[in-house]
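Peer 1: Take this structure, written in structure tokens, and hold onto it; I'll ask about it next.
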Amino acid sequence: MLPYELINWTELDVEPRLIIGHDDSVYCVQFDKNIIVSGSRDKSIKFWDIKTLECIKVLRYHQGSVLCLQYNENIVVSGSSDSTLIVWDFKTGQVLRILSGRHGHSAPVLDVRFNDKVIVSCSKDCTIKIWDLETGILKRTLHGHRAAVNAIHIHGDEVVSASGDCTLKLWNINTGECIREFNGHLRGLACVQYNGEIIASGSNDHTIKIWNAKTGQVIRTLEGKDGHTDLVRTLAFDNERIVSGSYDQSIKVWDIKTGKLLKNFKNAHGSWVFNVQIDASKIVSSSQDRKIAIWDFSGDIECVDTFLS
């Protein structure tokens, strides 16, 4: 792979490799150098070899759509429209724990994140729940949003939440205290990312806002003629760029420091874009069109349509 700073996404025209292996919308993806893990409206979680695009494992237990997931080398944690969270053994695919019942969410689980201590989940029930990673015991429930909490992101001991009530909130995971509220979007929020210094949020007002996490001030709004024309559903960023995916079917790459549009994949998918994830050389996206797309900027790319059952 090329060194990070040599990979210039703006100068390469790439065609995505496609995985067509779910029976319905693909809501969430995560990847590393070896695999892609995806969750779908078909109620399954699938593992794909990132080189061959073969399906190498399928997890089934949820009674509803798999709306969100995160994994590491030990576990996969997934959240579903069945209102449950499941902790799976990464290697065996065995169900280790189901987080549900009277302490659980009372509506679909819309996003999940974990670190080495806690699992944090958010739901259409307007709450955020913090669970002990080892035991699965509920530590606390965070109340404060007035509509569905659509997305969360954790960094250290803090979690930022994005809600349909048009606000972002920054919370202390250990105390449950709301540290700061961020107001500025005109419609509900769909996605959020946080790196400890800045927060990026996407909204149904078709804009992306970049915030100073310490002051609550908007640093920049990405909108206008280069902006999205529908709900901004998903975001990922690093030190150089922000990648956004929208219900307008496009994926856009922006310079994080200037807000300049660097690349526009106009019809990235044939329907709504639900999720984008990035590393130094790749974008992996998923959509209502049932496809996972891999955009590789490290060179030597050809378009491959892979139909897998």
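Heads up, the Cβ atoms here are built off N, Cα and C, so glycines get one too.
Sharing the record's features from TrEMBL:
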{"type": "DOMAIN", "residues": "43-297", "note": "domain 'WDR36/Utp21 N-terminal'"}
{"type": "REPEAT", "residues": "19-58", "note": "repeat 'WD'"}
{"type": "REPEAT", "residues": "59-98", "note": "repeat 'WD'"}
{"type": "REPEAT", "residues": "102-141", "note": "repeat 'WD'"}
{"type": "REPEAT", "residues": "142-181", "note": "repeat 'WD'"}
{"type": "REPEAT", "residues": "182-221", "note": "repeat 'WD'"}
{"type": "REPEAT", "residues": "225-264", "note": "repeat 'WD'"}
{"type": "REPEAT", "residues": "266-298", "note": "repeat 'WD'"}
Peer 1: If you average pLDDT over the repeat 'WD' (102-141), what do you get?
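Peer 2: Average per-residue pLDDT within the repeat 'WD' (102-141): 98.
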Peer 1: Excluding the flanking five residues on each side, which residues at least 6 beyond the ends of the repeat 'WD' (266-298) place their CB within less than 8 Å of a CB in that stretch?
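Peer 2: Beyond its ends, the repeat 'WD' (266-298) has Cβ neighbours at 1-2, 4, 7-9, 12, 14, 16-31, 36, 38, 40, 48, 50, 53, 233-238, 243-247, 249-251, 253.
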Peer 1: With DSSP, how much of the repeat 'WD' (266-298) is helix, how much strand and how much coil, in residues?
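Peer 2: Helix (H, G, I), strand (E, B), coil: 0 helix, 18 strand, 15 coil.
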